[in-house]
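Structure record follows, encoded as structure tokens.
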Amino acid sequence: MAPTRARVRRRGAATPYLFLTPYLLLFLVFALLPVVLGVWLSLHQWDFQLPNKPFVGVDNYRDLFDSNSVVYSFWWESLGATGIFTLLSVPLLVVLPLGLAVLLNRAFPGRTFFRAVFFAPYVLGVAVIGLLWRFLLDANLGLVNRLLGLVGLPDDTAWVTDLPWAWISLVGVTVWWTAGFNAVIYLAGLQDIPGELYEAAKVDGATAWQRFRHVTLPGLRPVLLFVVTTTILASANLFGQSYLITQGAPGTSTRSVVWYIVEQGIAQNDAGRAAAMSITLTLMLAVVSVANFRIFRYRED
Amino acid sequence: MALRRIGLYTALVLLTAVFTVPLVWMVLTSLKSYPDAQRIPSTWLPDPIETYGYEQLLQAGSQNPVLRWFANSMLAAVAQAALVLTTASMAAYALARMRFRGRGLIFGLIVATLFVPPATQIIPNFLIVDTLGWLDTLAVIVVPGAASAFGVFFLRQFFLSLPRELEEAATLDGADTWQIFTRIVLPLSKPALATLAVLAFLTNWNDFLWPIFVLFSGDQLTLPAGLGLLQGAYQTDYPVVMAGAVLASVPAIVLFVLAQRHIIAGVSRSGLKG
């Protein structure tokens with residue numbers, strides 16, 4: 001029996017929702033609910049062992065700014081650790097990959113091979129990277145000190161247990177690990193800049209530096225904004241490198257803020273304060289991202 | 001000109017050394033005996049080549065069931081990639097091609113979560129999976145991660161770039177939406193689906209932060225979570241630790257070599273459309 005027109009239309013109206021349902025279920029439970037629940041948690045004293053979870057208003061937030069609270073010094077120390085790491089790693093991860101991309105952005109035999117080689121470390125997980133570099137940076141048995149010794153430099157630096165070496169290690173490893181990722185993004189952006197612009201600049205007698213400054217950089221502006229923003233977010237999410245390579249050492253000085261939040265929320269049974277920290281961190285990052293957009297837009301005018 | 005060529009290749013070779021020597025050193029060390037790896041100054045080549053590291057790692061009845069971790073990781077990564085492909089492709093198709101009430105709102109919410117730092121979701125998500133009774137099970141490392149908005153966003157962009165004519169012709173021939181989706185749109189989208197599958201697999205295979213907090217029993221761990229334990233158990237017994245790192249690297253490197261084009265294409269596109 002042929003379906004009636006009305007039934008067809010009704011079935012048709014449900015179709016988009018049927019297509020969406022499987023994903024929306026996942027999305028609601030594991031992406032949207034966590035945001036709402038996070039805000040809710042941050043307003044409560046949430047100890048897994050407590051039978052009731054009393055509402056405490058903004059106390060969890062106030063504790064983060066009150067030097068008498070138990071979490072104050074650890075929170076700011078870990079936030080500072082992530083801040084130092086971000087300030088040191090972002091400039092390198094914005095500039096060095098651009099160099100790699102410019103190097104790769106010309107026709108020569110083996111180009112795809114070298115692109116793949118530079119990208120390769122990125123496909124490995126932070127667990128592999130962490131174990132590998134903990135070994136390479138070992139003060140006695142590590143390759144890094146061995147190579148430095150070979151060229152006559154000090155060969156007994158405590159790369160993972162002393163400052164400032166621990167910072168240099170975390171930043172250096174992260175640059176080695178993720179530079180290829182940013183380079184690939186830049187390379188796609190470079191290939192979108194019309195070749196005629198370079199031709200015209202050459203005809204006008206522009207030097208290689210002038211062509212880079214006045215053709216390449218303006219052409220890359222949207223890509224630069226993307227790279228700067230995502231690199232800041234990625235650096236602010238620092239966890240595995242400091243957990244596995246420096247293990248927070250010396251003391252807890254290289255313990256990242258994400259590490260501290262998760263530790264406080266899960267291991268220390270203090271989900272309320274941990275949620276307040278997460279939200280405060282998110283807001284700080286939002287301010288940085290908005291500032292980025294404004295800076296890049298301003299330059300465009 | 002020839003001089004510039006030489007300069008270019010010198011730079012490329014030096015950079016290649018910087019990116020590959022650490023990985024080569026990892027493999028060489030995994031093939032050393034314990035005393036060989038403790039030698040100061042260290043030597044490049046294992047002398048003799050030993051399977052000590054791998055034997056320690058894979059010994060039966062060990063406290064660290066590495067093969068079990070490998071299997072858990074493989075199962076979780078394949079299952080999550082399949083879940084992402086199925087759910088994201090259907091949702092992305094609805095968002096790209098169908099008109100319905102609430103479309104703007106739903107898409108806006110999905111895009112908005114791309115800007116929420118994932119680490120800040122961990123505490124609430126921990127409570128959610130605890131309530132579901134999923135802690136320390138396979139589900140906890142397969143399902144929540146599939147809610148990521150990236151797949152929907154990525155496939156929607158791709159579907160929007162497909163010409164509508166084929167779908168319109170199929171409608172005239174009497175095909176329903178599901179038939180059009182499975183017989184026309186999905187086959188046309190193989191490159192994008194392959195890219196997403198590879199990226200989803202690698203993301204799950206490499207995940208570290210989430211599994212170390214939601215899995216507890218020795219038998220349930222993923223390989224990255226287990227590697228953290230190995231580091232603690234074997235400390236400076238580097239052949240064993242490096243053998244573990246090699247084991248976790250091999251599937252990722254093999255996939256990269258086979259699907260390099262897809263991975264690079266996926267990453268490049270995320271930058272341009274992001």
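Cβ from N, Cα, C; glycine included.
Taken from TrEMBL, the feature transmembrane segment applies to B:7-28, B:69-93, B:105-128, B:134-155, B:193-218, B:238-259. The feature domain 'ABC transmembrane type-1' is assigned by TrEMBL to B:70-259.
For the transmembrane segment (B:105-128), the partner stretch with the most Cβ pairs below 8 Å, chosen from B:69-93, B:134-155, B:193-218, is B:134-155.
In summary, the transmembrane segment (B:69-93) lies against the transmembrane segment (B:134-155): three or more C-beta pairs, each 6 or more positions apart in sequence, are under 8 Å. Here the transmembrane segment (B:7-28) has Cβ contacts under 8 Å with residues 44-46, 242, 245-246, 249 of the same chain, all six or more residues outside its ends.
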